[in-house]
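Engineer: Below you will find the structure I want to go over with you.
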Amino acid sequence: LTGVLDDCLCDIESIDDFNTFKIFPKIQKLQERDYFRYYKVNLKRPCPFWADDGHCSIKDCHVEPCPESKIPVGIKAGSSNKYSKAANNSKELEDCEQANKLGAVNSTLSNQSKEAFIDWARYDDSQDHFCELDDERSPDAQYVDLLLNPERYTGYKGPSAWRVWNSIYEENCFKPRSVYRPLNPLAPSRVFSLVFVFFFWTGLCLEKRVFYKLISGLHASINLHLCANYLLEETWGKPRWGPNVKEFTRRFDPIETKGEGPRRLKNLYFLYLIELRALSKVAPYFERSVVDLYTGNGREDAESKALLLDIFRDTKSFHMHFDEKSMFAGDKKGAKSLKEEFRLHFKNISRIMDCVGCDKCRLWGKLQTQGLGTALKILFSEKEIQSLPENSPSKGFQLTRQEIVALVNAFGRLSTSIRELQNFKVLLQQTR
């Protein structure tokens, strides 16, 4: 892969260098910090679109929840509250003070009134989200240690997996140019035939092209993770995981995929640019002194924030960002309608993640979808972010801890994908 990407002025080589030498090492370290390694998720929500066809029984599909005793004191118990309280004994704010222990962004409040909290709660309830969010208060929601449940090939495939992606592309994606579809395991005949769906870019606006590329890029990234962390052999109960060149070729080779593989990988780079842009845009939110990545360990929290701000400085130094201002730039009525259509399509895709039959695949699918949804929320909230007050929380723009964790880990997955792609290039050259 070389050259300039479509719909932006960035070339692949620049992204490779930037990711390898600046982003990848730092984002790996950040994901290991306590604030970012624990993610609360409900893996028992029923599929809202079709009858549950059973969960994967393969042992590698299993997700091991984190024992309560292992969760840092500042994170456990979960809460939708976003503020902590450092020095106010007002009885009216006791609930907010309790939120200090619940793992959200730790912000110091001075003379805020009860009415302000009501306003913020009302705003949060009505705020546009791009994802269907899990209810963190549900008894089925559990903390998962992401480092102990890595994303990798589990053996989950066939009709259940195909149905999820088919529903995403055929029912919830804006239709682009010709798209090659894989073997259809849902076809009635035992002899599966190749399915070709022909669409064209002609007349398809930038926003709809972007939407398709985001979903295709996410799909490509997930496939890259599976190829790079594949079960190569299991002897005496000791599995060996590593890159599978044959599987990578099957999913991305131009001949094997009828020319689609390289396009999928280009969409991965495009998705990387979108989330990179979101990180650069949200930096002012975290740069404020009132924002702390709270776990209850002061030294750990300070180091985590310093590393996050260092990554933000790198993202802002990148000189070929995607220009999101080119989106939804038409007449106000048409732009507003298109933006709402864009949001609802993506929100529906986040709901489809509850139809994934493999728990580990569902975990990472939900996290990466929420991360992308958070990135979109950031890109469409530029004015609110720019007007944030320095020394107090703002009702104009807020991120929950879950959104922050998903945003960082989702971008970390994209960074890993691009790094793994470089590894596969080397492996392919060695096999020739």
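In case you wondered, yes, glycine gets a Cβ from its N, Cα and C as well.
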Engineer: Look at the disulfide annotations in TrEMBL and name the partner of Cys358 from this list: Cys227, Cys361.
Structural biologist: Cys361
Engineer: Quick one: pull the CA-CA distance for His219 (FAD binding site) versus Cys358 (active site, nucleophile), whole Å only.
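Structural biologist: It is 16 Å, counting Cα to Cα.
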Engineer: Is it possible to get the count of other C-beta atoms within 10 angstroms of the C-beta of Cys358 (active site, nucleophile)?
Structural biologist: 23
Engineer: Work out how many Å separate Trp165 (FAD binding site) and Cys358 (active site, nucleophile) at their Cα atoms, rounded off.
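Structural biologist: That comes out at 14 Å between the alpha carbons.
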Engineer: How long is the line from the C-alpha of Arg251 (FAD binding site) to the C-alpha of Cys361 (active site), rounded to the nearest angstrom?
Structural biologist: 18
Engineer: Using only the Cα atoms of Arg152, Thr154, Trp165, Ser216, His219, Arg251, which the record gives as binding FAD, return the largest interatomic distance in Å, rounded to a whole number.
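Structural biologist: The two farthest binding residues have Cα atoms 21 Å apart.
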Engineer: From the recorded positions Cys61, Arg152, Thr154, Ser216, pick the residue whose C-alpha lies nearest to the C-alpha of Cys358 (active site, nucleophile).
Structural biologist: Cys61
Engineer: Whole-number Å only: compute the distance from the Cα of Cys361 (active site) to the Cα of Ser216 (FAD binding site).
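Structural biologist: Taking the Cα atoms only, Cys361 (active site) lies 17 Å from Ser216 (FAD binding site).
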